[in-house]
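Colleague: Following this message is one structure expressed as structure tokens.
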Amino acid sequence: MANVYLHYFIQILKDVETLRFSELASSSIIVMDYLITFDQEVEHIWFSRWTAAKFLFFLNRYYTLFVVVFNNFALFSPNLTSKVRDTTFSSLTQMVLTFGSCLVWFKWQGWTGLIAAGLAESVLQLRLYALYYGNKKVLALMVGSFISAMASSATIMGLVLHDIKATSFLISTTTFCTPINAKGYFYAFWIPILCFETLLCVLACIRGYKSYKDHEIRAILRHRKLSQPGEVQLNQDSNLSVLEILLRDSVGYFVIIFATYLTTTLIWIFGKITLWEIPVGFTVALSSVIGNRLLLNLRDSQVQRSSLQTNNHSGQLQSVGGHTTSYLTHIMSGFEDERDREYATYELRNLKTTR
């Protein structure tokens, strides 16, 4: 019997260690992304006028940064308790830790995860709204489905957290929390979000297929093949149209986030309860990072394209194989620029830097 308890004890310690390293790893993703994209944020976001899109960007970026800092602070604290005590503490640290008992800690993680997912989904809806040229029916479908998904997930979260219990264990110098009485259907929290992600992915794929069928993408590709070989190219993204960037980033987002949410769901179904917290940090981190990159990539591409057009002379003639291509290039440039303006009307107007 003693060996059984010892084995159980060792396994719990391993799970706690895995959880803490996972939280550090997911937090590192957010901090690293913040450091390497801070210059883009200053250039493209800080000096733009205040709009709902700009507010959404800052909320998604800095709310998540605060959450991961607090999570690591609490997760590595040796002062977590099973209950909220009534003692008045002199230091802010002790007050936070007392308020953040194990039970409150689990509730905090649950609701912050839902909020982070909602913020990232809002960013993606903004992009799809741009892809569909501001189609009100598509907007109504997305917003209605978003509200339904968030309400369903919030209901499941509320029901589970209402009945959940928690206790803290102190082993040597290691304090850890363990949930008790967690409902077996808690994994259903992710099902509405996965369904909504699938809907958005379908909308993006439909728009991409329709664009190709309507010759938008093919016209852009033909224009690129006819581009002057001597033109200045800044980087790969500067040679992509707004339409291509929107489609590329949107589909890439779906693949990564859907895989993350699905992995979390499977862990919550088949994994031990002590492992449930491990994927939560990655869902929050990836949702925030990719959501911010969706906004920064497009704005950065617009700036690079403007610089590229300044360096290249629009009236320059280039003969290829004895045939003058300047006229066709001019026509295709006008086509692509018009498309760029249409997309910018819906998304970039809120992020455009004011001069």
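Glycine residues also receive a Cβ, built from the backbone N, Cα and C atoms like all the rest.
Below are the features I grabbed from TrEMBL:
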DOMAIN    23-66  domain 'DUF6533'
TRANSMEM  55-76  transmembrane segment
TRANSMEM  114-132  transmembrane segment
TRANSMEM  139-164  transmembrane segment
TRANSMEM  184-206  transmembrane segment
TRANSMEM  251-270  transmembrane segment
TRANSMEM  276-296  transmembrane segment
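Locate each feature and note its surroundings.
Modeller: Only residues 6 or more beyond the boundaries of the transmembrane segment (184-206), in the same chain, are considered here, and those with a CB under 8 A from a CB of the stretch are 117, 121, 124-125, 128, 131-132, 138, 141-142, 145-146, 148-150, 152-153, 156-157, 160, 247, 250-251, 254, 257-258, 261-262, 264-265, 268-269, 276.
Residues of the same chain lying 6 or more positions beyond the ends of the transmembrane segment (276-296) and with a Cβ under 8 Å from any Cβ of it are 18-19, 22-23, 25-27, 29-30, 33, 37, 40-41, 44-45, 53, 57, 60-61, 64, 67-68, 71, 109, 112-113, 116-117, 119-120, 123-124, 127, 179, 182, 186, 249-250, 252-253, 256-257, 260-261, 263-264, 267-268, 351.
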Colleague: How do the residues of the domain 'DUF6533' (23-66) split into helix, strand and coil according to DSSP?
Modeller: 39 helix, 1 strand, 4 coil
